[in-house]
Structure formats: C-alpha cells, structure tokens
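What follows is a set of notes on a single structure, which appears directly below.
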Amino acid sequence: MATAASTSAAAVAAASRLLVRRAPPRLLRRLPRAALAASRPSPPSSSSYGAAAVALGRQPLGHRARMGHTAAAAAAAGPALGLTKPNAVEPPQVSFAAKDVEFSEWKGDILAIAVTENDLVKGSDSKFENAVLKKLDGQLGGLLSEASAEEDFTGKAGQSVVLRLPGQGFKRVGLIGLGQNAPSTTTACKGIGESVASVAKSAQASSAAIVFASVGGIQEDFKLTAAAAIASGTVLGLHEDSRYKSESKKVHLKQVDLIGFGSGPEVDQKLKYANDLSSGVIFGKELVNSPANVLTPAVLAEEASNIASTYSDVFTATILDVEKCKELKMGSYLGVAAASANPPHFIHLCYKPPGGNAKRKLAIVGKGLTFDSGGYNIKTGPGCSIELMKFDMGGSAAVFGAAKALGQIKPPGVEVHFIVAACENMISGTGMRPGDIVTASNGKTIEVNNTDAEGRLTLADALVYACNQGVDKIIDLATLTGACVVALGPSIAGIFTPSDELAKEVAAASEISGEKFWRMPLEESYWESMKSGVADMVNTGGRQGGSITAALFLKQFVDEKVQWMHIDMAGPVWNDKKRAATGFGVSTLVEWVLKNSS
C-alpha cells in the first residue's frame, strides 16, 4: 500500500556484502561457497525480476528466465518463522430458529428483550406502559422494573444489562437498548445481534431468545432482512480470534430463537444464509489477522484450494507458479515478487453454478500482498504502520471470504472467477528498484518510480487475466492508498468506476450488507501526472489525488467492453480500536453476486 511515509533506500542492497568486502583473505578462504556466492553482486541485467537461476548455481538466461523463485526455493523455505502455528479454534457454531411462541413461555438460558427508550416509560402506578414489558414484569412480580431502575437502564443504543431472575422458564433476562426508535437498517440489526452475543457471553448461556418489546416496531417488509442481520451480528459478536493466544475462550452459545419474526421456509432460508455469510466474514477476518510469518503466499493459495476441495461441486482451483506466470508474461506482478524468499502464487478459483447454466460471468479480483515492506522505498517514520502490513492482503481476504460463503449458498445462473496475485513486497539484491521498467501481460510498460506502490502492479496482471476469462463485470478490491483513508476516513471505502450501472448495483448490495462506500471521481485529466518519459506510464503520480490516479492506473489494464469497478478499502479493512480485522467487503460481494444471479 502506498503511504506518505515511504522513502528511498537503495543503499540497503549493498549492506549485505560489506563484511565480506572488508574481510581479510584468510577469512574468505574459510567461508563456505554458498556464503561467498550470496555476498557477490548478481550479474548485470536489464530487469529486477529475481535470480532463481543464480540461486541454483546456473548462469542466467536473460530476464525472462529470472523472474522469480522456483519450487526448489519454496521447499527450502522451511517452517514458519518463530515456529508460530495457529491453534485449532473452531468458529462459533450457532443454530438459529424463528418461532411463533409466546415469549413468556419460552424456556432457555437467557431471554433478550430489545427495547427503545419509549418502551421503558412508566405510568402513574410506576408500572411499564409497554404491553410486553408490563406482562413480563407482572409475571416476575415487579422484579423487572425494580432491577432495570437499579441498573439505571434507560434503553439507549448500545446499552445492555443482564438480570438474574430465578424460578422462571428462562434463567436470566437481558435488556438491549435500541435508542429512540426500532431498527430500520442492517447495521442497527447487526448491532442488536452483537448485543445478544455480549449478554449471552456474560451469562455463559448456551441458549437464548430475542424478542422486541415493540411488537410492531420493525416494518413487515424489513423483518426477513432484520432476522438475517441479527443472526449474522450474533455470530460475529461471538467470534474472538484466539488462534494465536496461549489460551482460547470457549463459545457456549449454541441455539438462538427469534420470536416475532414469523416462521416457515422463507425465514429459515434467511437464517441459513446469515450463518453461511458469517462463516465467510470470519474466514476473511482470520486471513487478515494472520501474521506474515504464517500466512505466506503459498499458505494463502492452500487456503483457497481448500475452498475448492470443500465445495468441489461448484468450485475448481488453478494455482499458477512462477514459470506459468512467466509464460503469461506477468512481468508487473513478478517484478513485485522478485525480492522475497517466499515465491508468489497466482490464485484462480472458478465458481460454476449447479447445473452449469450461467447467464452472467463475473470476476472478483483481490490484492494479495501478504506483507508489504515498501520495497526499496521502505516504509519508515511515524505513521507508516509497517507492523500492520499483514493486512495488505485484505482485498484477497474479502475475495476468498465471499468465495467460502458462496460455496455454501450456491447461487444459480452466475459464474464467478475469484482471482488473486499473491506475493510479498520485500527488499533484497534481487528486488525491483526505483526506476526499473516492468512489462505487464497486456504489453504496457511501467516505470516504477515508487516500489511502495506495488499493489497496483500486481493488480495490473490480475485484471488482464480476469478480462481474458471472458467476464462481463469485474470488481477489484485493494488496500491501495493512504490517500483514500485521508479522504474518507477509517470506515468508508472509495469506489471508482466509469459504469453507472455497476455503481448502482454495488450501492444496492451495500444497503443490505450495511458496509459503507462512497463513489469517487475518475478524473481523466489527472492521468497527465502518470505519464513517463521512457515508458507507457509511471506507477505513481503526485501527492494530490493519489487514490484517483491509482484507479486510473488500474483502468489501463481493463478491456473497455468489460464493466469494471475498483474499491479502495484501505480504511475499513482494520479496526484500530479492536486491533483486529473487520472482514470488510465479504458481505457486499456476496450480495452483489446474488443480485447478478437468476
């Protein structure tokens, strides 16, 4: 991801050879040949694509034979740095059911009641005026009104309290504040689900029910969406990524009943959808949370292959190694990958619907930098956040999270290609240098004036590859620019597209997902700053309008006949307060695919 803190550090390449140059001859005679070979400069070349041939002791055959690493280099990589391995922690497994029962007769661990501030209004007799609360309070002998007053519960949004009330069919009552009004958005309903998870965790409950005090508070045409959002919010609220902690917390909640949302196949299908979607979001979050010494490009490819194996009735996986990427002339992608000891993996999952009758073909492309050091324009200085650059594969996490969810949902009538050019952007003697020129697979040449603007270089070849699949529409997602975070803040992703139709589709999908997007301009006049004197283009323009020029760069690698959208998600990929990934993008992508299915 390009950041303002990037700076050139060309002298780093020579540092590894300094000791050997100064060592006395007697010491040089004692050094093993491998150490001496590593200390010598690589043979001169017109490119910076890597030196697999040199590493194997052979003379180079020109830059096309030296673009990256080999399978032998991958095998020699050894175990994960620091011997870190994730613990086997199962994500929350919760069953949801919509029930038409009287809430006061429900039996289980905790009855969660969602209340507005107005629901808590009391009459002159100090009793609740709301029918649901009044009935429950009477059943409890006035304990509910007394306990809520003692806890100073006022029904404000986000407020919750758990009351122990023995002797009932339910062991506890949880009150969840909604604010002044009943929820009317997906985001608000997800928040209710998160509150259900919170009160259930505090009570270590294995079963829960959710009911609204204002029976008519949720609009009838919104109930199905609300039920799914509450279920999704509950699962995501229960999830805590403890794979890298010495102790993990157990999830007790196994059953949640939704009362007052109707019953039957339609609502049951919505609740299943919520569970399927949540599993994809959790998968995406866990990919981003994984450190770079564990989640290498090879491991990311393995995770993608596992999706294809698990849902083999609708998925196939193709993983391209370096040699195949050379054949496809992916010089832009391989240039970024050249410095890393971990070889790149180009990942292509293909979803074909049951029955194989697809009326539309879509592609979803994700940036897959499993770590971004910035390269020779190394990230340094305050605010560079180099320690967080494991999240530079957030676009690919959204892609594969959506793939996992869609493998379970199995939408008809649509074929979807999930494409990620996975690699690391590191620093070494084989690395891409500022000023190098790389050639993308569509033949366009790029002068690299900033090695920390690497994501767009990998996406260039990925977009060309996507267009070659004969797709109708492409969405790419990337943690691409700090400029977009400056413009839109940490919660909103920027979208760039010349297609009004595609913009409307994603806007409609985001209304259901609750994720926030803002359409940004593709100002063509800004392309002037992207022109090179020696190549077709440079990879970065000036500081002003950086997210726009980045999008204009990507546009050069998309066929004009294909509808295309770029999503810059550098802000919402990460939650600074929780110090964890958000799973952003998965829900909107799934909704978009469903809207394109028959």
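The backbone N, Cα and C atoms fix where each Cβ goes, glycine too.
Look at Swiss-Prot and you will find 1-71 tagged as transit peptide. Per Swiss-Prot, Mn(2+) 1 binding site is recorded for LYS367, ASP372, ASP392, GLU454. Annotated Mn(2+) 2 binding site per Swiss-Prot: ASP372, ASP452, GLU454, in sequence order, evidence recorded as similarity to another entry. Under the heading active site, Swiss-Prot lists LYS379, ARG456.
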Rounded Cα separation (Å) that holds between LYS367 (Mn(2+) 1 binding site) and ARG456 (active site): 8
Densest Cβ neighbourhood among LYS367, LYS379, ARG456 (recorded positions), 10 Å radius: LYS367
Nearest of the recorded positions (ASP452, GLU454, ARG456) to LYS379 (active site) - Cα to Cα: ASP452
Other residues, Cβ within 8 Å of LYS367, ASP372, ASP392, GLU454 Cβ centroid (Mn(2+) 1 site): MET1, GLY368, LEU369, MET389, MET393, ASN425, GLY455, THR458, ALA478, THR479
For LYS367 (Mn(2+) 1 binding site), the three-state class that DSSP assigns: strand
DSSP three-state assignment (helix, strand or coil) for ASP392 (Mn(2+) 1 binding site): helix
Of ASP372, ASP452 (the binding-site residues), the residue whose Cβ has the fewest other Cβ atoms within 10 Å: ASP452
Distant-in-sequence Cβ neighbours of GLU454 (Mn(2+) 1 binding site), under 8 Å, six or more positions away: VAL336, LEU369, ASP372, GLY375, ASN425
Neighbour count (Cβ, 10 Å) for ASP392 (Mn(2+) 1 binding site): 27
Coarse DSSP state, helix versus strand versus coil, of GLU454 (Mn(2+) 1 binding site): coil
ARG456 (active site) to ASP392 (Mn(2+) 1 binding site) - Cα separation in whole Å: 12
